[in-house]
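Engineer: Quick paste of what TrEMBL says about this protein:
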{"type": "COMPBIAS", "residues": "1-16", "note": "compositional bias 'Basic and acidic residues'"}
{"type": "REGION", "residues": "1-24", "note": "region 'Disordered'"}
{"type": "DOMAIN", "residues": "38-458", "note": "domain 'Major facilitator superfamily (MFS) profile'"}
{"type": "TRANSMEM", "residues": "71-91", "note": "transmembrane segment"}
{"type": "TRANSMEM", "residues": "103-122", "note": "transmembrane segment"}
{"type": "TRANSMEM", "residues": "134-153", "note": "transmembrane segment"}
{"type": "TRANSMEM", "residues": "165-183", "note": "transmembrane segment"}
{"type": "TRANSMEM", "residues": "189-207", "note": "transmembrane segment"}
{"type": "TRANSMEM", "residues": "270-293", "note": "transmembrane segment"}
{"type": "TRANSMEM", "residues": "305-327", "note": "transmembrane segment"}
{"type": "TRANSMEM", "residues": "334-356", "note": "transmembrane segment"}
{"type": "TRANSMEM", "residues": "368-393", "note": "transmembrane segment"}
{"type": "TRANSMEM", "residues": "405-430", "note": "transmembrane segment"}
{"type": "TRANSMEM", "residues": "436-454", "note": "transmembrane segment"}
Amino acid sequence: METRKDDTEKKNDRSEPLLLPENGSDVSEEASWMVYLSTIIAVCGSYEFGTCVGYSAPTQFGIMEELNLSYSQFSVFGSILNMGAVLGAITSGKISDFIGRKGAMRLSSVISAIGWLIIYLAKGNVPLDFGRFLTGYGCGTLSFVVPVFIAEISPRKLRGALATLNQLFIVIGLASMFLIGAVVNWRTLALTGVAPCVVLFFGTWFIPESPRWLEMVGRHSDFEIALQKLRGPQANITREAEEIQEYLASLAHLPKATLMDLIDKKNIRFVIVGVGLMFFQQFVGINGVIFYAQQIFVSAGASPTLGSILYSIEQVVLTALGATLLIDRLGRRPLLMTSAVGMLIGCLLIGNSFLLKAHGLALDIIPALAVSGVLVYIGSFSIGMGAIPWVIMSEIFPINLKGTAGGLVTVVNWLSSWLVSFTFNFLMIWSPHGTFYVYGGVCVLAIIFIAKLVPETKGRTLEEIQAMMM
């Protein structure tokens, strides 16, 4: 069991979720309807994140035709989202500490809405890219602040269940772009991205701020009011409030970690595992497949609309299944290994479909081969490599390194995502089947990396995980 002393001596970066020790003293925590309402409002930001990521795939051919864009120009449009997201991720911690968790979500929603409107009105590639960059900045900020806000308002017994809604709504937002994009043009689809921004902006005026942030900035009376709203008018919040105040007071005396601490020999394995998982999560080619799914289906001679709808539904179902049922039953490593092997099979199926097409062989089975390959690939990613790297990252880093190391792996993730989405079209021009054989090779490396370096963290305390790795 973890003691209160163990947990309170670890926390460091104030931009991290300010949580109570998981196994602290027995505090009666209950959830009022306000916790659920606050979570639903917050995950509108997750939904917005998903719509930004999924927008380019169903709109590629419409945008290229209407604005007369080349493949390289559309590659810039598809990938510049990630550059905005990198900037958003870098600044999100400071912003959420300065103006609050709700303030950061409001700011992100405004910036994202402006970006969508610029895309809607765009007459050329420059405003199109600028709008995409703004939506990316909103994504980067929301990718940090939404899970932090949910973690800080939730009772400990509900924290895990409510936290899974973040990832689920990301894939729901992504799927909605494919479903809606099948029946509307790219300008109208951009307007649908404004809707979650509006709900998030106005919804945050009806929910309380994070009590932990309020206490952290010295707004003690507002802290108690917010906590009471979240726990219910009849709940006794005295013990929980005292624990939060004690815990936050202990943070002020801890030294701040620096980037140099990450390369210390006692910490380097944590960093290698965290950065490595984020690297492989992106370089298996996921954003290339998501951003340009329609192009893959068209190139293979399959129906782009049918294929996109099928894999969007599959991604929602399997993410919900993996997040809620499998991760704490089967463990992290088995799901990661299964995920990587499944993606390897998916890459081989897609690559073989393009190889057969290039040689004019078995033309009648090529569409089925391509669609089944994408479905196997996306399904495999959804049950493991999609969410589990973030879970493991939150478990393996010592608390005093989590802020600095978490920032590093987030930036690595977004930069890798940008590089994959930017190079995908160029790789497809070079060799469609070669592209997926390259991604399949990365999947093989991921399997080796997981087998050799990634620890199983299921059912272990943080101290056990860190002692095992050291």
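Backbone N, Cα and C define each Cβ position, glycine as well.
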Engineer: Please figure out which one of 103-122, 270-293, 405-430 racks up the most CB pairs under 8 Å against the transmembrane segment (189-207).
Structural biologist: 103-122
Engineer: Can you say which of 165-183, 270-293, 368-393, 436-454 has the most Cβ pairs under 8 Å with the transmembrane segment (71-91)?
Structural biologist: 270-293
Engineer: For the transmembrane segment (103-122), give me same-chain residues lying six or more residues beyond its boundaries with a C-beta closer than 8 angstroms to one of its C-beta atoms, as numbers and ranges.
Structural biologist: 42, 45, 48, 52, 67, 88, 92, 95-96, 128, 130-139, 141-142, 145-146, 149, 187, 190-191, 193-194, 196-198, 200-201, 204
Engineer: Over the domain 'Major facilitator superfamily (MFS) profile' (38-458), what does the predicted model average in pLDDT?
Structural biologist: 84
Engineer: Six or more residues beyond either end and a Cβ under 8 Å away: which residues meet both conditions relative to the transmembrane segment (270-293)?
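Structural biologist: The answer is 53-54, 56-57, 60, 78, 82, 174, 178, 262-263, 304, 307-308, 311, 340, 343, 347, 374, 377-378, 381, 385-386, 388-389, 392-393, 396-398, 401, 405, 408-410, 412-413, 416-417, 419-421, 423-425, 427-428, 435-436, 439, 442-443, 445-446, 449, 453-455, 466, 469.
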